[in-house]
Amino acid sequence: MAPTHVLRCCQRGLAWIPVIFIALVVCWSYYAYVVELCILTIPSIGEKCIYLVVFHLSFVMFVWSYWKTIFTRPANPSKEFCLPKSEKEQYEKEQRPETQQEILKRVATSLPLYTRTGAGAIRYCDRCQIIKPDRCHHCSACDMCVLKMDHHCPWVNNCVGFSNYKFFILFLTYSLVYCLFIAASVLQYFIKFWTNDLPESHAKFHVLFLFFVAAMFCISILSLFTYHLWLVGKNRSTIEAFRAPVFRNGPDKSGFSLGFSKNIAQVFGDQKKYWLLPVFTSQGDGLSFPTRLVTVDPEQPTECPQPGGLDKCAVEGPAEQTSPLSESQNHLLGKDYHSEEDHKEIDFLKSDESEAITISIESES
């Protein structure tokens with residue numbers, strides 16, 4: 001036990017090395033820019049003031065969002081996704097996978113679950129001993145199930161998921177702004193030092209390396225930032241981009257897409273005034289999510305556009321009991337989905353049902 005405990009402590013300590021490295025680079029960049037460039041190199045007082053104001057604004061937002069990304073604890077599934085004591089004992093005693101699945105299905109009937117494993121089974125974590133909510137995955141680094149897990153990031157030593165995904169996007173945004181501003185404002189003095197237009201001083205070393213480091217980080221962050229913006233627009237996580245979530249009717253990468261504007265609102269919230277601030281405004285509870293397979297997706301054509309197709313969908317619906325939409329799902333879906341076409345489709349189904357009833361009565365008589 002002792003060696004294992006020591007090994008885990010060492011692993012946790014080593015996991016902070018990337019974060020410490022970033023912190024040291026940021027501290028050095030602050031000194032190099034404020035002291036060596038603005039105070040000791042730039043001659044114009046007006047230029048100094050403008051550079052210092054913009055630099056400190058980007059610096060504060062960058063550090064704030066980075067701090068929130070690191071120290072926001074990943075959200076975990078609630079107790080309702082744990083097996084009741086009797087079912088848990090029965091599940092652990094049972095050796096046959098088919099019977100275990102029957103136990104899980106009985107418990108899952110009251111849960112808002114729409115995704116399955118690749119084989120169509122209920123997603124269950126043997127490590128945490130819980131039924132996994134939609135978009136929830138087990139992180140081996142954190143050793144826990146994380147709601148709407150995106151990935152485990154070594155640069156923040158934390159799991160990026162439902163609780164801090166907005167902070168992670170803002171961290172990428174402000175780090176890119178921070179690096180771009182440094183590289184752009186340092187460029188002219190970088191050229192002057194390189195061409196010996198400025199006298200030799202110890203500031204030359206800091207200015208030269210400040211430009212190289214800012215440009216290097218800017219290039220590396222830009223690709224990651226662009227990729228995650230694309231994921232937000234599609235309402236996918238990194239895991240879902242590589243492995244499509246499996247619904248009852250098969251895998252679908254766009255199963256959680258509600259349209260571009262609603263996809264953005266799921267991460268950043270309804271109030272745009274809070275979008276650029278690293279405060280939690282994401283919609284929902286992380287346990288259940290509306291899907292385009294349950295309601296009409298404004299970006300996708302309906303799978304059954306013809307009246308006959310509607311009857312087919314009603315007949316071929318999921319055999320398992322589907323729990324009603326939760327309050328968070330209803331809030332996320334809003335009122336935009338209840339269009340006139342939806343009411344027409346519902347009325348059509350009702351008319352078909354009434355006709356079917358009439359026919360059955362006549363045949364019985």
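Cβ coordinates are placed from backbone N, Cα and C, and glycine is handled just like the others.
Within the set 260-298, 299-337, the record from TrEMBL flags 299-337 under the feature region 'Disordered'. Note on the domain 'Palmitoyltransferase DHHC' (123-242): mean pLDDT across this stretch is 93.
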